[in-house]
Amino acid sequence: MSGLAASWSLKPLGPHGVTQALCAVLLAVLVTMNVVLGDTLLDIPSQSPPLNQYLHCYRCLLETEELGCLLGSDTCLTPLGSTCVTLHIKNSSGFNVMVSDCRNKEQMVDCSYTRASPVFGFWIFYQCCFLDFCNNPKNRKNTMH
(Lines of atoms letter the chains of each structure in order from A; the text may use other names.)
(Lines give C-alpha, C1' and ligand atoms only; values in the text may rest on other atoms or scores of the structure.)
Protein backbone atom coordinates (compact mmCIF):
# COMPACT_ATOMS: atom_id res chain seq x y z
CA MET A 1 0.00 0.00 0.00
CA SER A 2 1.21 3.43 -0.72
CA GLY A 3 0.04 6.94 -0.04
CA LEU A 4 -2.48 7.94 2.61
CA ALA A 5 -3.92 4.46 3.17
CA ALA A 6 -0.51 3.13 4.19
CA SER A 7 -0.23 5.66 7.05
CA TRP A 8 -3.40 4.37 8.80
CA SER A 9 -2.91 1.38 11.03
CA LEU A 10 -5.11 -0.62 13.39
CA LYS A 11 -2.34 -1.24 15.92
CA PRO A 12 -2.88 0.02 19.52
CA LEU A 13 -2.04 3.67 20.09
CA GLY A 14 0.58 4.70 22.61
CA PRO A 15 0.13 7.64 25.02
CA HIS A 16 1.28 10.08 22.36
CA GLY A 17 -1.10 8.60 19.79
CA VAL A 18 -4.07 8.77 22.18
CA THR A 19 -3.38 12.45 22.85
CA GLN A 20 -3.18 13.13 19.13
CA ALA A 21 -6.43 11.26 18.50
CA LEU A 22 -8.25 13.20 21.25
CA CYS A 23 -6.95 16.49 19.88
CA ALA A 24 -8.10 15.53 16.39
CA VAL A 25 -11.58 14.65 17.66
CA LEU A 26 -11.80 17.91 19.64
CA LEU A 27 -10.71 19.90 16.61
CA ALA A 28 -13.26 18.11 14.42
CA VAL A 29 -16.04 18.87 16.92
CA LEU A 30 -15.06 22.56 17.13
CA VAL A 31 -14.89 22.93 13.36
CA THR A 32 -18.23 21.17 12.93
CA MET A 33 -19.87 23.38 15.55
CA ASN A 34 -18.50 26.49 13.85
CA VAL A 35 -19.77 25.37 10.46
CA VAL A 36 -23.20 24.33 11.76
CA LEU A 37 -23.79 27.15 14.24
CA GLY A 38 -21.82 29.89 12.53
CA ASP A 39 -21.38 33.03 14.59
CA THR A 40 -24.11 32.17 17.08
CA LEU A 41 -21.47 30.96 19.51
CA LEU A 42 -20.07 34.47 19.60
CA ASP A 43 -23.50 36.05 20.14
CA ILE A 44 -24.04 34.45 23.55
CA PRO A 45 -23.92 37.21 26.19
CA SER A 46 -21.16 36.79 28.71
CA GLN A 47 -23.36 37.99 31.57
CA SER A 48 -26.82 36.97 32.68
CA PRO A 49 -29.60 39.50 32.08
CA PRO A 50 -30.08 42.13 34.79
CA LEU A 51 -32.44 40.75 37.41
CA ASN A 52 -34.06 44.15 38.00
CA GLN A 53 -35.87 43.71 34.66
CA TYR A 54 -37.85 40.78 36.05
CA LEU A 55 -40.52 40.18 38.65
CA HIS A 56 -39.47 37.47 41.11
CA CYS A 57 -42.28 35.15 42.18
CA TYR A 58 -42.69 32.23 44.53
CA ARG A 59 -43.43 28.92 42.80
CA CYS A 60 -44.98 25.88 44.45
CA LEU A 61 -46.83 23.17 42.55
CA LEU A 62 -48.79 21.85 45.55
CA GLU A 63 -49.31 23.68 48.82
CA THR A 64 -51.66 23.67 51.80
CA GLU A 65 -51.89 26.24 54.59
CA GLU A 66 -51.36 23.53 57.20
CA LEU A 67 -48.37 21.73 55.64
CA GLY A 68 -46.81 24.42 53.44
CA CYS A 69 -45.26 23.59 50.07
CA LEU A 70 -45.40 19.86 49.35
CA LEU A 71 -44.06 19.83 45.81
CA GLY A 72 -41.71 22.01 43.79
CA SER A 73 -40.81 24.99 45.98
CA ASP A 74 -38.82 27.36 43.78
CA THR A 75 -38.54 30.88 42.38
CA CYS A 76 -39.66 31.95 38.91
CA LEU A 77 -38.87 35.08 36.90
CA THR A 78 -41.28 36.87 34.60
CA PRO A 79 -40.76 40.15 32.67
CA LEU A 80 -41.84 43.35 34.40
CA GLY A 81 -45.48 44.09 33.71
CA SER A 82 -46.38 40.45 34.32
CA THR A 83 -47.71 39.05 37.58
CA CYS A 84 -47.21 36.56 40.39
CA VAL A 85 -50.24 34.32 40.92
CA THR A 86 -51.64 31.95 43.51
CA LEU A 87 -54.39 29.65 42.36
CA HIS A 88 -56.69 28.25 45.08
CA ILE A 89 -58.67 25.05 44.57
CA LYS A 90 -61.46 24.98 47.18
CA ASN A 91 -64.68 23.25 48.15
CA SER A 92 -67.42 23.97 50.68
CA SER A 93 -65.94 21.65 53.33
CA GLY A 94 -62.88 23.88 53.76
CA PHE A 95 -60.51 21.96 51.46
CA ASN A 96 -57.96 24.43 50.06
CA VAL A 97 -54.98 23.51 47.88
CA MET A 98 -52.82 26.19 46.30
CA VAL A 99 -50.52 26.47 43.29
CA SER A 100 -48.22 29.50 43.03
CA ASP A 101 -46.36 30.59 39.90
CA CYS A 102 -45.51 33.40 37.45
CA ARG A 103 -47.97 34.65 34.82
CA ASN A 104 -47.06 36.58 31.70
CA LYS A 105 -49.09 39.51 30.40
CA GLU A 106 -51.17 37.33 28.08
CA GLN A 107 -52.29 35.11 30.99
CA MET A 108 -53.32 37.95 33.31
CA VAL A 109 -56.96 37.59 32.23
CA ASP A 110 -57.21 34.95 34.98
CA CYS A 111 -56.39 37.45 37.77
CA SER A 112 -59.14 37.71 40.40
CA TYR A 113 -61.19 35.18 38.50
CA THR A 114 -63.33 32.44 40.07
CA ARG A 115 -64.70 29.52 38.08
CA ALA A 116 -66.06 26.04 38.65
CA SER A 117 -63.49 23.27 38.36
CA PRO A 118 -63.99 20.18 36.20
CA VAL A 119 -64.50 18.22 39.46
CA PHE A 120 -68.00 18.66 40.87
CA GLY A 121 -68.15 20.65 44.12
CA PHE A 122 -64.80 22.43 43.70
CA TRP A 123 -64.00 25.88 42.38
CA ILE A 124 -60.83 27.65 41.31
CA PHE A 125 -59.94 31.15 42.45
CA TYR A 126 -56.96 33.13 41.09
CA GLN A 127 -55.16 35.88 43.02
CA CYS A 128 -52.50 38.05 41.36
CA CYS A 129 -49.99 40.56 42.69
CA PHE A 130 -47.25 42.69 41.16
CA LEU A 131 -44.36 42.94 43.67
CA ASP A 132 -41.34 40.68 44.14
CA PHE A 133 -42.29 37.54 46.08
CA CYS A 134 -45.75 38.96 46.86
CA ASN A 135 -47.27 35.48 46.44
CA ASN A 136 -45.06 33.67 48.97
CA PRO A 137 -46.80 32.38 52.12
CA LYS A 138 -45.48 35.18 54.36
CA ASN A 139 -46.51 38.01 52.03
CA ARG A 140 -49.65 36.50 50.51
CA LYS A 141 -52.10 37.68 53.18
CA ASN A 142 -50.87 41.29 52.99
CA THR A 143 -50.37 41.71 49.24
CA MET A 144 -53.01 39.56 47.54
CA HIS A 145 -56.64 40.65 47.41
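In case you wondered, yes, glycine gets a Cβ from its N, Cα and C as well.
As annotated in Swiss-Prot, Cys76 shares a disulfide bond with Cys102, one of the listed residues Cys60, Cys102, Cys111, Cys128. Of the listed residues Cys23, Cys84, Cys111, Cys84 is the one Swiss-Prot pairs with Cys57, by disulfide bond. Measuring Cα to Cα from Cys57 (disulfide bond), the recorded positions that fall within 10 Å are Cys102, out of Cys69, Asn91, Cys102, Cys111. In this view, the densest Cβ surroundings among the disulfide-bonded residues Cys57, Cys128 belong to Cys57, judged by other Cβ atoms lying within 10 Å.
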